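Below you'll find the structure, written out as structure tokens, and then a few comments.
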Amino acid sequence: MAAYLLAVAILFCIQGWPSATVQGQVMPFMEVYERSACQTRETLVSILKEYPDEVAHLFKPSCVPVLRCSGCCSDESLKCTATGKHSVGREVMRVDPHKGTSKIEVMQFKEHTDCECRPRSPGDVNNGRNPEEGEPRARFPFV
């Protein structure tokens, strides 16, 4: 089986990765595997989650796109973790509902530049729940 997967990977490297762009087309295994790997991806981040002390204001839009680490690691004991970060500015409209005013301003957000799979710390497991999404983990995912 391992030899077969290696042969398929080599074949795709030679011919190029197929792209599942046609609606309803099945995405090939190697493309699924590559696209699900731990890497930076554009993610929408809630401004109020990044700036919880700003609850007196409204923001338009209420979330902004930034690159964040996300994806699957080869083992449940590993977690996709940011290893590099920098700050980026995003223009948003800050609305003060009490004064009836608004202004466009630049707010800073952390953007991930590099990711890798690293061992989970004991605090990463929260009673069988995924701390990033709050969704329960499947106890027997392949049964």
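The chain as shown is numbered from 1 upward.
Glycine is no exception: its Cβ is also placed from the backbone N, Cα and C atoms.
Note: Swiss-Prot links Cys80 through a disulfide bond to Cys38 (candidates: Cys13, Cys38). Per Swiss-Prot, Cys69 makes its disulfide bond with Cys115 among Cys13, Cys115, Cys117. Taking the Cα atom of each, Cys115 (disulfide bond) and Cys80 (disulfide bond) are about 7 angstrom apart. The two recorded residues, Cys69 (disulfide bond) and Cys80 (disulfide bond), have Cα atoms 7 Å apart. Long-range Cβ contacts of Cys38 (disulfide bond) within its own chain (separation 6+, distance under 8 Å): Cys69, Ser70, Gly71, Cys72, Cys73, Cys80, Cys115, Glu116, Cys117.
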